[in-house]
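Colleague: Please see the structure below; I have some questions.
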């Protein structure tokens, strides 16, 4: 079977790490007999420079014709003074999410063996490790609710946002969380503020209704303020965390930083058909672009998420993840994962990609 992938490398380190993800995918194709065709499109700052807008029509049409989008990163100082809606991040990513109704965001975060020193957690806590999947509703809630705006003048001026969720929006994201938990440790922690917010009362009610269809999965509820604390005390006790848009925005970044490096974290944004946009959780890192030192693992793991969720190639996705684990366990690390006195051992972006691709070929 042939798959069509829209490749949007973007700005900063995007093209460098995307090249390594493509290298690893080539190894996957050879090992598993897959036929994946890639078409590159401009997005973000480079699209502004070449086409006058961050999301050209040709890019959007190319994404519409694809089975999935493999996204790099966008943005940088060069475009920061543009009007907000014309900047790379807001002018490209948000329209893509809206156009394809990418309502589900998956953010896995794992503390790998041997990298406990990277975590800001106390050593006795980090020694236990953790493996958490944050499932975030991405297109509803307070970020998109109407009315929204400002009114009045002087001391009477006020600003307002509306938090709004429908039963359908809650149910569909909850089902994804429970399905994900079935393939993991069979536990869902639903994050809300049901002691204060009407939206959260409905959220909790609908999640409990969905849970009836998943009797093999444990469900617990936790308030958002308590969740932020418990992630610092006992992250190893969480499996899948189900969150609304606002709460997921907060918690996914907290979970990410508990690993100690954004360079290891991937992200998937998907719609109800399984079509998705897969990207690193970090940014374009313009300060290190072109130096050959960027960590490509987040981009490579994004490719694994793409294989798993949009292309339904679980075996191939797992092969990439095992290869990444082998690299990390072998001490094959880029500079940001090493202490200052060990940075002379740092591997380059290309060396990391080579090692992981070779590990995939070897069938680790």
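Placement of Cβ uses the backbone N, Cα and C atoms for every residue, glycine included.
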Colleague: The substrate site in Swiss-Prot includes 97, 107, 225. Which of 128, 136, 204 is also listed there?
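Modeller: It is 136, as the record lists it for that site.
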Colleague: Largest pairwise Cα distance, Å, within the listed substrate binders 97, 107, 136, 225?
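Modeller: So the binding residues stretch over 28 Å, Cα to Cα.
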Colleague: Report, as a single number, how many Cβ atoms besides its own are within 10 Å of the Cβ of residue 225 (substrate binding site).
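Modeller: 11, counting other Cβ atoms within 10 Å of residue 225 (substrate binding site).
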Colleague: List only the single closest residue to residue 88 (NAD(+) binding site), chosen from the recorded positions 107, 136, 143 by CA-CA distance.
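Modeller: Going through 107, 136, 143 one by one, the Cα closest to that of residue 88 (NAD(+) binding site) is 143.
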Colleague: How many other Cβ atoms are found within 10 Å of the Cβ atom of residue 88 (NAD(+) binding site), counting all protein chains shown?
Modeller: 27
Colleague: Within 10 Å of the Cβ of residue 97 (substrate binding site), how many other Cβ atoms can be counted across all chains shown?
Modeller: 17
Colleague: Quick one: pull the CA-CA distance for residue 76 (NAD(+) binding site) versus residue 143 (site 'Important for catalysis'), whole Å only.
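Modeller: Cα of residue 76 (NAD(+) binding site) to Cα of residue 143 (site 'Important for catalysis') measures 24 Å after rounding.
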